[in-house]
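Inspection log for the structure reproduced underneath, given as structure tokens.
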Amino acid sequence: MMRSPYAASARRFFSDTAARLSGPPHLTRAAVAIGFSLAISGGVAVAQKMDKGSADHIKAATSAVDANFVKANTSTSKDWPTIGLDYAETRFSKLNQINTGNVKNLGLKWTYNLESVRGIEATPLVVDGIMYVSASWSVVHAIDARTGKRIWSYDPGVNREIGYKGCCDVVNRGVALYKGKIFVGAYDGRLVAIDAVTGKKIWEKDTVIDHSHSYTITGAPRVVKGKVLIGNGGAEYGARGYLTAYDAETGEQAWRWFVVPGDPSKPFEDESMEKAAKTWDPSGKWWVNGGGGTPWDTMTYDPDLNLVYIGTGNGSPWNRNLRSPAGGDNLYLASLVALNADTGKYVWHYQETPGDNWDYTSTQPMILADIKVDGRPRKVILHAPKNGFFFVIDRTNGKFISAKNFVDVNWATGFDADGRPMEVTAARSPDQSFDSIPGPFGAHNWHPMSYNPQTGLVYLPAHGVPLNLTGEKTLTQNAAAPFKFGATTGWNVGFTLNAAPPKNLPFGRLIAWDPVKQKEAWHQEYVAPWNGGTLTTAGNLVFQGTADARFIAYNATTGEKLWETPTGTGAVAAASTYLIDGVQYVSIAVGWGGVFGITQHVADKEAPGTVYTFAVGAKAPLPEFTKYQLGNLLAGVKYDPKDVPEGTALYVEACATCHGVPGVDKGGNVKNLGYVSTETIANLKDMVFKGPFTDKGMPDFTGKLTEADVVKIQAFIQGTADAVRPKPAEPDKKADAAPQK
Ligand SMILES: O=C(O)c1cc(C(=O)O)c2c(n1)C(=O)C(=O)c1cc(C(=O)O)[nH]c1-2
Ligand SMILES: [Ca+2]
């Protein structure tokens, strides 16, 4: 069975009441993405009327964007032409008009409604006052950054019923701009080239090699030497990771590099696969599940070394013993890999988590920097993957320089001089459960960090979301169970959720990290995990959005908070900054979501995904926000308690990933079914079979569930709500009762 543990691990954040439930004995795949994002017409561009003058302006501005443009912009930071600002993805802007002295006067210039209620993860690109940003369901918006008015929007028309194919919300981390074209990876695996002026599709390519596996795209493409690079996601559901380069002009495939070896009965694609295969089980067991390694986010490029660097994903399934019982490092999972930018040929790798066992992806955004290590200038990669260690790696040859944990970790005590982790035995116990720290949400996820060469600090959005993993004996039994909704390969992530809540606590923290000293300089603590990516500037500032719906500026040296504004919905993406007519602006696209945000709510407000743009002295009023209303705990749905156990298994498999645990989770950007109306649950089949929300992310379960199944699911939902309902207090006894333990 497939199991996505994310929903249930997230729920540990607010409550450990789950422990009181007889609830899910294990977590199953249930990535059915119900959603309420506004219906935007499929596959079409919606453009405002444009006069010839502005069309000519957009054409001139966007067709100028090529490698020379990006390099020239790196010395001025006038525009924000690529997702991480420059090829090195520093997210350090040289602009200093907005600085520690005047940031307190920052005010709202305009807002733009992204018409989305799912996660917004993209950093806005801006060139000469024209902004491009993507929203949920891979919808792209072109905005006039002078006014905040729409130029066009383009919806690639992803079938809203396939939300379940990804683990972690129907998000998109941004677009690439190159020579007049905008490139977006659609959630269903297509790479689409769009005319930057008109918003019309120019070409599209299906990047998916095998639709029987659960491939998705959530990451931003990068353009390197006229080629558009894109990877994929899916390692929670059985996928083989790879990265493909397409000609930006024609869409023709230029090269492809696989992350892990494929079908052992077929020849290796290249020497790197032959080398990698020696680190996997000789029986070829991994192949059934794809092996994983999906490079679903980070890519950088060093033009001087002609290398493209990618971060690779976790093993599929998670537990190494299920994919490679003989052990082994399982290359190139959880690694930084350097590829030749022209050919895509493997050059070197450094594996941050050998034999990954915990969903410790290395896909977290990396930064290329030139720093002095032991007094010697070094060209390095700065990287903080999920596994909780901050790595400094020589990017000329992949040699390990240092690694230091930036949060508490318990899977390894450190890294030795050769760059191997010193693992804790319990972390791979076959029969004991393990509170893995970090948990599968990582100590750092996709939220981009930034590096300020003036302070020498990296601004790193760190967090902890506890999850208890059971031993694999239970797991092996579960793995043999039939998979009911086998849209894909029917394989699990390889762990089960233990009924015992983890003992460690959740947190969210902005860490200013000194990569030379491998030491924290300062930190800010937040109320919850899952805060935004960061931007840092020559104005000695750090900007970050938060899970509780604020956008904050800090002094980059000291961490002192200098300014903040409410944003209406939790901010997970990173901001960008740029000049228009010589004036500095800061923009951030907010919209609560991503894997933690599907089932968890932190802010007390609610608002659609929105781009906010700020400038010193601007005075536009903030939009109105809705108070987040949870609704009453579900009551009154008739059910037979005998149906609860079977209903539990069905619910966990079909509903839990998006809807969380009824009455325990409080609902994120998808509704929690413990807080909807009695009628909704009493008439659940009307939602489940050809329901009204299929165009918003709710799959049609016709043929997958029966009406009898739905009755059992109703029993689980109402039964769980009843189980968590506070018992009425007994006022008489309470006053002098002995303290409860
Ligand atoms: O293994 C994968 O293929 C894969 C893909 C993705 C994705 O594409 O969003 C995420 C993850 N894993 C993952 O482990 C994870 O924590 C995660 C968080 C998010 C998000 O957008 O919030 N995506 C993903
Ligand atoms: Ca993953």
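Glycine too: its Cβ is placed from the backbone N, Cα and C atoms.
Given the ranges 302-321, 722-741, the record in TrEMBL names 722-741 as region 'Disordered'. Residues ASN314, ASP359 are given by TrEMBL as Ca(2+) binders; from GLU161, GLU204, GLU236, GLU249, that same site also lists GLU236. When the candidates VAL586, VAL595, VAL602 are compared with the pyrroloquinoline quinone site entry in TrEMBL, which names GLU121, ARG173, THR218, GLY234, ALA235, THR294, LYS386, ASN445, TRP446, the shared residue is VAL595.
Only one of CYS168, CYS655 is recorded by TrEMBL as the disulfide partner of CYS167: CYS168. Closeness to ligand 2 is met by none of the binding-site residues GLU121, CYS655, MET698, no Cβ falling under 6 Å from the molecule. Within 10 Å of ALA235 (pyrroloquinoline quinone binding site), judged by CA to CA distance, lie the following recorded positions from the set CYS167, CYS168, ASP359, CYS655, HIS659, MET698: CYS167, ASP359. When the binding-site residues GLU121, CYS655, HIS659, MET698 are screened for a C-alpha within 10 angstroms of the C-alpha of CYS167 (disulfide bond), no residue qualifies.
Annotation: LYS386 are the binding-site residues among LYS386, TRP446, CYS658 whose CA atoms are within 10 angstroms of the CA of ASP359 (Ca(2+) binding site).
Cα spacing between TRP446 (pyrroloquinoline quinone binding site) and ASN314 (Ca(2+) binding site): 14 Å, rounded to the nearest whole number. A Cα-Cα distance of 15 Å separates MET698 (heme c binding site) from CYS168 (disulfide bond). Close to ligand 1, meaning a Cβ under 6 Å from one of its atoms, are these of the recorded positions CYS168, THR218, LYS386, CYS655, HIS659: CYS168, THR218.
Least packed by the Cβ count within 10 Å, out of the binding-site residues THR218, ASN314, is THR218. The shortest Cα-Cα distance between CYS658 (heme c binding site) and any of the binding-site residues THR218, GLU236, ASN314, LYS386 is the one to GLU236.
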